[in-house]
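Asks: Quick one: the structure is below, questions incoming.
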């Protein structure tokens, strides 16, 4: 049974980041080829992915869902997470794709462990571990290769794309650290489901999804519904299920599947130009993820 759970956990652990990687590529296609409005796409994604997750949690873990909803003492903490964690994470990532491409946006967002290291150094007022220093150096070198191709004279990515990609990484790091207490008490999926759902409802007051619907082919509507909505909810559920089955060390390694998927599919399906130095930069960012997983293994 244990071996079966491990295999299932590995399958879920690859499937979740793989779906997220596809999600980024489809988002780029919908924004830049189909020319869908960014705010409309975000409105649909938040609301319907949140609804799908709420329904899933209602069927599988309604006890913790209702416990969380009933505890008014955590409402303020949830509001902070909803605004500055989940919503801002989704928003900055989509804008980063709009300003650059799915491959670069996903790779830049994968720098979030660097910001986690920085946050903990300042919060705990401690000297970073040697492996953290190496991780930061490797990640910065990889980012330098990606955004400059080794030249200090120009950027290969727009300043806006770089800004939103790095901001997405910082926001993701905040969203990883801030709700630790909530997740420990109620579980990750109830917290994430409520956050996405409330974000979707709130953002729909600003940009209602049912007003000015885009004109798209049936296949593009399928892409929107299946990959942008279902993969967001389903990928998230798979990620947390695998975390429960195989633990954080293996999962931190498998998270590298997302940027690899986004990079490969961007080149193959969207003809995004990638040079050798781009692959080197992406490889260094993925190496940083591996180094951080080794630190997790050592701590464990």
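Placement of Cβ uses the backbone N, Cα and C atoms for every residue, glycine included.
Keep in mind it's a predicted model, so treat the numbers as computed, not measured.
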Asks: Using TrEMBL as the reference, determine which range in 10-28, 276-294 is annotated transmembrane segment.
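Replies: In TrEMBL, residues 276-294 carry the label transmembrane segment.
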Asks: List the helix, strand and coil residue totals of the domain 'EamA' (8-147) as derived from DSSP.
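Replies: Summed by class, the stretch gives 124 helix, 0 strand, 16 coil.
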Asks: Looking only at the domain 'EamA' (161-291), what is the model's average confidence as pLDDT?
Replies: 88
